[in-house]
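Before any comments, here is the structure.
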Amino acid sequence: MANILKTIIENDKGEIRRLEKMADKVFKYEDQMAALTDDQLKAKTVEFKERYQNGESLDSLLYEAFAVVREGAKRVLGLFPYKVQVMGGIVLHHGDVPEMRTGEGKTLTATMPVYLNALSGKGVHVVTVNEYLSERDATEMGELYSWLGLSVGINLATKSPMEKKEAYECDITYSTNSEIGFDYLRDNMVVRAENMVQRPLNYALVDEVDSILIDEARTPLIVSGANAVETSQLYHMADHYVKSLNKDDYIIDVQSKTIGLSDSGIDRAESYFKLENLYDIENVALTHFIDNALRANYIMLLDIDYVVSEEQEILIVDQFTGRTMEGRRYSDGLHQAIEAKEGVPIQDETKTSASITYQNLFRMYKKLSGMTGTGKTEEEEFREIYNIRVIPIPTNRPVQRIDHSDLLYASIESKFKAVVEDVKARYQKGQPVLVGTVAVETSDYISKKLVAAGVPHEVLNAKNHYREAQIIMNAGQRGAVTIATNMAGRGTDIKLGEGVRELGGLCVIGTERHESRRIDNQLRGRSGRQGDPGESQFYLSLEDDLMKRFGSERLKGIFERLNMSEEAIESRMLTRQVEAAQKRVEGNNYDTRKQVLQYDDVMREQREIIYAQRYDVITADRDLAPEIQAMIKRTIERVVDGHARAKQDEKLEAILNFAKYNLLPEDSITMEDLSGLSDKAIKEELFQRALKVYDSQVSKLRDEEAVKEFQKVLILRVVDNKWTDHIDALDQLRNAVGLRGYAQNNPVVEYQAEGFRMFNDMIGSIEFDVTRLMMKAQIHEQERPQAERHISTTATRNIAAHQASMPEDLDLNQIGRNELCPCGSGKKFKNCHGKRQ
């Protein structure tokens, strides 16, 4: 282990030396750029773009381009990037993460690689965690980019598609991570190419990269529509039942935060819902509602995991930033269960139309980089998942902050008493204090204690984040006391007021350790910026979540033996033990994210295939007849092959039914037309007849443009409907394969294999529906804007007809489960009439 650490440290040192040499080359252009007039300096952008178009690489332009940005920043912003900032910029250009301490000027550092990569004309996305930071950085740094001749756009959720498209067309686009994801999903749901807003994803520079790519990695972005099934009554019933339980009726695993019914709880459920066996197959839906009600009532905590807004809505609290996540809802019915718990209106369940996780969204960029002050602890995950290195950049000035050892108390009460006393003492001498909490509830509790102690203060949490910038701006002033929930990702520096340096700078007090060392380091990093003095102190208790989960029992015995109910234990060993516990949690979380990615990669591969084919259809300026006719041919082949093992009469009747109800006019084909033909001849006969029907259908359309429009809308509508159903089916499969681990099967391998089979089934189903709609649609000539309405189809009654068309004397027991159903539906037997068996 020691050798591994030594190798890592040596590699970092070697990388720093290499970066210093590259930065020195940038500095060699300093005098040359300073000698240029404003117009000459601005003209460099045009020169660089031409050189790039003529074959020069961005790497070869780096030294001059960085020097131009440095000089431009000095003239426009009054800021001149330091050597360490240039080094950070080089790391960003190479698609890695520079770890730069708070206050080291990451925003200015980003200007150099952003400018350089924007020269390609392919677009640069600067990604932030919230719209406030997007607007702030775009306004401040946009002044420099515009002066240098580059266009800057801001992509906000409130903008229209046209405004979004304009923002994405700019050389540099500022946006939040979620908005880029939703725009990507929405682009892959439009019917016309002109309605797409994004260009191909080129280069992303992610601010607070660890927050987005690690903390929110598993967060799925979901575009959904309303579900037709009304379920609010079931949520209320499950909630009422769960609230009636005693502690013995359920089992909570504190470490994994999971919950389930005990034997007595199962008995009570069967009595409450009047069931013989709760876990009978027909009660699967009910157990899902009960599981969500259990989680909502006993795992999800008000003012920690979520808050109830004044509008009676459940708002999720981001566990890493303390902000509420507007518009974000828990999936799979958990949000509705919480609404039932809190007695607020239950919103309709939704059905997922499209989804993607941040992991897979950002892996789609040609080049990805990001900035953070605390990324080294997650280096393995950055490297394994995103192929990104984390390179620590030296500070411009030595760090003077004093990090005290943790103080451990026996109880939460004694801990908070000590926190209030410490804050009061520092307030009285004028030293500003930032108190970091992990929950809204804790910040409110400390606030009440400080009011009682006569200490004026500000509170920053999910309930009042709109005043965030103003509160943080004043947090470094003399005598300021600020309580903040999870300072991670706040993005605003705390600058020291007059006379504060002499008082020891800003003191950061942590009221408990977070699961992640990185979040603790981010809180600490708010103090001691740019060589300022500062202090940090963490207060812990044996009743804290982290301590309860990892080994507080042994320490509890020490407190009891020494009779130290009000006193604290302080030692470096304790701090190391806490960090070891955090490492275990981080390891567990990483393993979970890695497993999620393995599942999500199945969806990613399938999504990329569907979206690529969808894009080809949308952007096609050609007659799609070859594609549609190929679908018709494959559908005919599937149906004929699917009945190859049936008796001749039964086979012909099933094929005839398929042809009548899905392919040809009902009275245009008889049994005699197919009798005596081989399977190959039947396929050819049906296909040739289908081509004539196809030509007849197309001839009803006004002109070539109407034909193209009709073809596109037809294919896209079918693909979108089938893809939505497929996403739902994959979600259900994912929940089901977990149980296969008990049969010594690898759930991920099972999911991959079954998911692949389901995808192939979906493709067959898409081609079947396109065939049926194309051949059976009642086409009326209309004006072009009504093109989407051309598909006035008899499909509904066709479905009823072919479902009723099963030959009466057919022995269903002779049909294989994976063969096509003889009724002609195009579905496998197990998913059609076989299901009813």
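Backbone N, Cα and C atoms are what each Cβ position is placed from, and that goes for glycine too.
With a cut-off of 8 Å between CB atoms and residues at least 6 apart in sequence, the same chain places Leu79, Pro81, Tyr82, Gln85 near Gly105 (ATP binding site), listed in sequence order. In this structure, Gly105 (ATP binding site) belongs to neither helix nor strand by DSSP; it is coil. As annotated by Swiss-Prot, ATP binding site applies to Gln85, Gly103, Glu104, Gly105, Lys106, Thr107, Asp493, with the evidence given as sequence analysis.
Among the features that Swiss-Prot reports, Zn(2+) binding site is placed at Cys821, Cys823, Cys832, His833.
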Any idea what DSSP makes of Asp493 (ATP binding site), helix, strand or coil? coil
When you average the Cβ positions of Gln85, Gly103, Glu104, Gly105, Lys106, Thr107, Asp493 for the ATP site, which other residues in that chain have a Cβ within 8 Å of that mean position? Met100, Thr102, Leu108, Thr109
State the count of C-beta atoms found within 10 angstroms of the C-beta of Lys106 (ATP binding site), not counting that atom itself. 23
Thr107 (ATP binding site) CB neighbourhood, other CB atoms within 10 A: 18
Residues near Glu104 (ATP binding site) in space but at least six apart in sequence (CB under 8 A): Val84, Gln85, Gly88, Gly373, Ile393, Thr395, Asn396, Arg529, Gln530
For Gly103 (ATP binding site), what residues in its own chain, 6 or more apart in sequence, show a Cβ-Cβ distance under 8 Å? Asp493, Gly528, Arg529, Gln530, Asp532
If you count other CB atoms within 10 A of each CB, which of Gln85, Asp493 wins among these binding-site residues? Gln85
